[in-house]
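These features come from TrEMBL:
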REGION    20-96  region 'Disordered'
COMPBIAS  29-40  compositional bias 'Basic and acidic residues'
COMPBIAS  41-64  compositional bias 'Low complexity'
COMPBIAS  72-81  compositional bias 'Basic and acidic residues'
COMPBIAS  82-93  compositional bias 'Low complexity'
DOMAIN    113-159  domain 'F-box'
REPEAT    471-510  repeat 'WD'
Amino acid sequence: MDDHSLEEFRQRWQEELAQAQALRRRRRPEAGERRARRPEAVVGRGEQAPGYLALAQGLLEGAGRPPATRPGRAERRDAASRSRSPPGRDASAPGEQLVDQLIRDLNEMDDVPFFDVQLPYELAINIFQYLDRKELGRCAQVSKTWKVIAEDEVLWYRLCQQEGYLPESSISDYSSWKLILQECRAKEHMLRTNWKNRKGAVSELEHIPYAVLCDVRSYDGVVIAGYTSGDVRVWDTRTWDYVAPFLESESEEDEPGMQPYVSFVRINSSLAVAAYEDGFLNIWDLRTGKFPIHRFEHDARIQALALSRDDATVATASAFDVVMLYPNEEGYWHIAAEFEVQKLVDYLEIVPDTGRYPVAIATAGDLVYLLKAEDSARTLHYVYGQPVTCLDVSASQVAFGVKSLGWVYEGNKILVYSLEAERCLSKLGNVLGDFTCVNLRDSPPNLMVSGNMDRRVRIHDLRTDKIALSLSAHQLGVSAVQMDDWKIVSGGEEGLVSVWDYRMNQKLWEVHSRHPVRHISFNSHSLITANVPYEKVVRNSDLDNFATHRRHRGLIHAYEFAVDQLAFQSPLPVCRSPCNTMAGYNYDLALAFPYDNI
């Protein structure tokens with residue numbers, strides 16, 4: 001390197017250093033004025049002018065050394081100390097001395113402010129919307145400007161929607177969505193604690209005298225039950241109004257005890273459906289009254305019943321026929337589709353969210369049918385000698401358990417099919433016991449829970465086709481199961497209801513009743529369980545008290561874990577019993593406390 005280029009570098013370096021210092025002095029007062037004048041200004045980090053670094057890199061390359069990045073503070077301090085070496089040491093090359101001078105100058109320029117980035121308020125909101133609640137809290141501590149942006153109502157409203165709180169609300173419904181999110185999370189924590197500690201209110205739904213429970217279903221806290229007396233009752237557990245009204249059947253038999261048994265009951269947000277042993281089907285509209293809006297008759301006993309959760313589609317299976325019922329635009333019910341199958345139907349489910357034409361899945365022995373309205377029945381799965389033991393559907397998939405029989409034993413499995421492609425996606429299980437229940441619709445994404453006669457509850461990972469967790473749950477086999485993002489509720493043939501925290505692989509609590517658990521349904525704050533007896537025969541009440549005794553008639557329990565909202569606003573169900581109740585059939589305190597209704 002010649003003396004001319006070194007002198008040129010020194011001169012340019014001194015000019016750039018003087019410009020940087022002048023720029024620093026000029027920007028300090030201007031930055032304060034801009035912050036006071038523009039609240040939407042967001043302070044960012046820029047890069048220093050690269051002119052002198054490029055020159056230094058060129059000098060290093062000219063001196064035969066590889067280019068280097070800007071050294072750290074410790075490296076610069078060591079280099080500066082080396083540059084102040086005693087005069088007796090060997091002099092370095094001219095390029096190295098210039099680099100040492102450059103490092104010393106950089107140490108003096110550490111307090112040079114970064115460039116300001118001026119952003120519009122809307123653009124800053126669009127950037128901050130990718131942050132979660134913790135990151136927004138940290139950003140609010142940076143400066144007053146960032147605090148205004150991080151606490152904007154739009155950001156916290158979006159967080160509430162993303163976490164599933166108040167999904168039907170608009171941004172104008174509340175003035176502080178940040179406080180709403182905090183309250184929702186505190187309530188969720190309280191409910192989870194109550195679930196774990198079994199803290200809440202438990203009620204037994206009132207039973208019908210001289211009748212045995214046949215079938216129970218629930219939807220969003222509304223419970224429907226059918227009895228051997230032919231009666232159908234509905235409870236709304238959301239309001240603690242457990243005095244259930246009867247749904248009239250309009251049967252021709254007027255003598256009590258002569259009506260046919262109720263075979264199946266189903267319910268959704270607006271409809272209630274009941275199928276009877278004589279082949280009749282009643283449909284009620286819960287919004288209009290207790291009398292049926294439609295009555296349909298089959299020639300034989302109804303073997304399976306399904307009701308859509310989303311709309312008014314009803315499907316029934318009798319003998320070798322499957323019928324879909326649907327109301328037209330004027331409200332008159334008609335047969336939307338009718339199919340003929342080869343065997344008697346065992347399980348029947350309606351696929352949700354199918355649009356204009358309803359779709360159903362039916363199993364008959366070792367056959368699985370895909371039933372689409374405006375189309376003929378198609379066989380989705382068939383393996384001779386492998387009957388289907390359970391069924392559940394979601395919007396895009398269907399899962400069913402198959403039992404392996406014959407000389408070539410392959411183990412009992414759960415098969416998961418794609419409804420769009422109509423092909424098998426996963427084969428899960430390979431166990432000795434029969435799968436008795438499977439829950440695909442209510443499970444978290446990519447997970448599925450199942451129950452088996454080998455006493456175990458299993459969580460299946462649909463991404464890897466493996467069993468993620470296996471719990472030894474019930475001594476006589478699992479009869480009902482449901483899961484969410486952290487817990488499992490299972491019911492067994494021995495009448496035991498168990499609640500599990502599957503993340504900790506731990507049983508939280510359990511409760512026992514006499515009969516097998518046939519129905520389990522829960523949400524974040526409530527749980528509905530039903531114990532349905534095996535024996536449905538009603539004996540003469542003059543001979544014994546079999547039908548009216550509580551240990552033979554079946555039980556329906558409602559658990560409410562949001563005790564802070566309901567327990568102190570409503571009296572207990574035992575205190576709301578009427579005084580004219582017969583004590584022999586209701587084991588309550590109605591006659592002992594006649595002043596409850598005053």
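Quick reminder: no glycine exception, Cβ is built from N, Cα and C everywhere.
Note that TrEMBL annotation is computational and uncurated.
For the repeat 'WD' (471-510), residue counts in helix, strand and coil come to 0 helix, 25 strand, 15 coil, using DSSP. Per-residue pLDDT, averaged over the repeat 'WD' (471-510), rounds to 95. As a summary of secondary structure, the domain 'F-box' (113-159) carries 29 helix, 1 strand, 17 coil according to DSSP.
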